[in-house]
């Protein structure tokens, strides 16, 4: 169990089977767990039979059989443990101490040998005592192996699970030996003993691993990489299986030596029939009768091939022509000089692998293997390879094949489906609810499909439908899907409503699968941007627009590197004296072909493609550099977007710029919008508090246009309120806007918050604001945005500040 640093000794887990199962499922490589289980199961099977052989052997032979049993048991236990340990995934590099690892193997062998010797002693309690000793040997082997486990972290143990693992091993191993020697049903003794011994090993290991807790921590040392560990796991598994195989071989050879040829033949897993050169059966085992559901009176030694096939056909319900065809096929197989192998699918669902090996003059050996489970397993694996395990829908691999096939046939329409708000619901109500919702969503989609339509899960909450019924049918299906998936989902004790957005694209001549999917994606984005819970059809030009957007993004990335970005500065004046008190920095892009690109065009693109952080850092650095060249009584106002506020680098970028240009933080004012506050208020509160702590001033831009302006003033401490230009423009003509302006200025005065009026374009607006006590103003009446040189000239101008003295500004 991997726990974060600092979790030692805190929040102990409640013991339970689900915790152990969780440890197996979530903290192990299930393929290696399966390999370990195979080694353990096969080793347990061989151990029980070798031990019983030792218990029943003569005194002179018993020691040799016990040594062989101990060697195989210890090796299989150790291999099971080691492969399972290699399957354990602590999330940090690991290594193994070779000495302790070898010691753990020897402990398992020696301890098993001692336990077997005692268990075979003959006394009433000897099997249980010996089994407990074997169980104790398993325990010592396991925890010696754990001592050999080197990991980059701190190891702790859950005492409850540790004690439980010891008890499980000793009790179940004792039950195994007791069942083997004292079980009431002699025929079932080996099976019960095998099961108990298997459970003792597996139970000990995974209960012990549940007790094992790792807190990741950087520790020097040599650790293996995952590839090396996987290779080691493969090697150990092969060695373990080879050792177990040797145990099987020993048991088989011994059984064969003590059994008659008839017994061996009757216990063959495959059916066997030998046909002589005269065409009669000379050898037949019971498995043939079982496979073809024949009675003992139906077939016998000496029966002709024709009568044999006729008996099979009579039981299977074949007609005479079919029986004749089967006989003719056998005669053909007998007449060639090489083996013939076919698979025969019988009417009752049985699948037989039939091999005919010609011998002598017209004779043959026929073997029949039941491969029904294997073939069904292969079908299941093939189904899993092309279907989503959770929803049962076809997966992305099958989607690619189906799309290519349908495009080759002609017209195909794709519906790209995205479940709205699924991530929020999944995070809020848990993954179990999310999985259940996905399954029910898949069922709702399939319930609306026609035979000529297929549904797929491409990943996450991304679903798709391919249809060859035409665009009109696709739109009708999309309407039904929006309605169906918009209905509430009730999973267990919870319910949620999510809805969906759908993009539809019909393949045109020359379109490949990638193009159709890209068109459907663009239509889906259009549906999302239009408000979600709807569908949009791909329109001509969307691809071109997307390509143009990509070029624009590439140009913007180059603009930063080539120095095409520049800052313009709009002056801010103190009222009523109209004294210059600062500038608002406004970024512009001077494109070599497009000319001067305003921020309203490229800032949204920068936010969507991830360039805003780099551009924002440059703006801060350039604004601080420019402000450092101006008098100390001028401040610089910098706009910060919602994306920048969510970034962890905002504070560091600003701090670096201030330090680099030796500019006091009090001369910088960051402007934030109410939209940014709404999107991430908790994180923003921490960021703003940190900035204000170093002296940076905070201004709320476009005040009054958000959903809860007053609530934001209560929640966040700001130094300035900027009244949105829409209220200033409508001040004289709209009583409501005038009332809002007056209320904001009055409230700001009472709260000791500075105010700035944006968008001043008329003298009567300016006079009204002065009368209401507005502290600062900006706008075209007072000064337009200036290039750096013009801003320098304004700063150093000797004439008085004011609109009439600034002909170059207006």
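Here the Cβ of each residue, glycine as well, is placed from N, Cα and C on the backbone.
Annotated by TrEMBL as transmembrane segment, the relevant range among 1-20, 161-180 is 161-180.
Sequence-distant contacts of the transmembrane segment (126-149) (same chain, at least 6 residues past either end, Cβ-Cβ under 8 Å): 73-74, 77-78, 81-82, 85, 94, 96-101, 103-105, 107-108, 110-112, 114-120, 155, 165-166, 169-178, 180-182, 200-201, 204-205, 208, 212. According to DSSP, the domain 'GGDEF' (410-540) comprises 57 helix, 36 strand, 38 coil.
Note on the domain 'EAL' (549-799): mean pLDDT across this stretch is 85.
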